[in-house]
């Protein structure tokens, strides 16, 4: 299927502009939080900046989807109850949305505008779908990587379209991600990346803060590498130890054949679905997210967009048994953990996971 003939052109345009607008808002908010923290006026327990960012991002994107595809459902992370109980937060959020709509006024004809709090509440609550294996719905994570967002580090705005339980389109805005990631310390190139994938078409990279929605033909096609030798491989993992079992992941790398003297340099720690973007663009080879406990179930919005990005760039994604992730199970995945790798080593990675988890 070519760049210009795929059946999701309108969906991709709407998703791209909505994610760009939400990414710009969350980037500005994250930067201001970091500055406030440096001045000592932000307390550790103050969750309001994240709350505002989450709600504003979800409102912008949900509004754009419902404006263009009124029959589509949305599985979103937030509902508006907390916001309606705190009019101060709601006022701050509406000010941010109004500001960003003016700064991206060229997008208004396609993604629309929000003008009052009730409209914002309604848009947020469009995200109440339970998902499922039939029909068409979107999965949204308005700010993926909360800790990274607060640190001024990596976070992402993630949107995916799911049809009959299968992801067919994904868009991930990465406001703080450099184009080139060599190690935890070495980042270079343009900061701010937009990663998109369409089923049967491919995965693509473009500059996040470049105005408008570039057609795929003008974007950079990205592909995973086919490295197989452990000395060549790089692994992406989360930063927060509460989200995945780093100790188990260390054992898996050893079992796979990583050299203990170099494995630390071969591991890149990143918050959010930017890990999928680094993998899909060929800058890493394995993504490990082992469950911290056996009862935890991943949310679909944490993986849907990244899932199609990996497949369309030539990789493979599964749970700890290697089975494909099931996005038709409702709001959560019915499996444990997430593993992604290039197709040449995926089965070997799963073998190592199985050995360690015995």
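From the backbone N, Cα and C atoms, a Cβ is placed for every residue, glycine too.
Among 259, 302, only 302 appears in Swiss-Prot as part of the adenosine 3',5'-bisphosphate site alongside 146, 243, 272, 275, 289. Checking the candidates 73, 77, 211, 214 against Swiss-Prot: the one annotated together with 141, 143 at the Mg(2+) 1 site is 77. One way to see the shell of the Mg(2+) 2 site is to take the Cβ centroid of 141, 144, 302; the remaining same-chain residues with a Cβ within 8 Å of it are 77, 143, 145, 156, 158, 272, 273, 299, 301, 303. Among the recorded positions listed (143, 146, 302), 302 has its Cα nearest to the Cα of residue 289 (adenosine 3',5'-bisphosphate binding site). In the shown protein chains, 27 other C-beta atoms lie within 10 A of the C-beta of residue 144 (Mg(2+) 2 binding site).
Each residue in 54, 57, 58, 76, 78, 140, 142, 144, 157, 158, 301 lies on the same chain as 77, 141, 143 and has a C-beta within 8 Å of the C-beta centroid of that Mg(2+) 1 site, without being one of the site residues. Applying an 8 A CB threshold to same-chain residues 6+ apart, the list for residue 146 (active site, proton acceptor) reads 50, 155.
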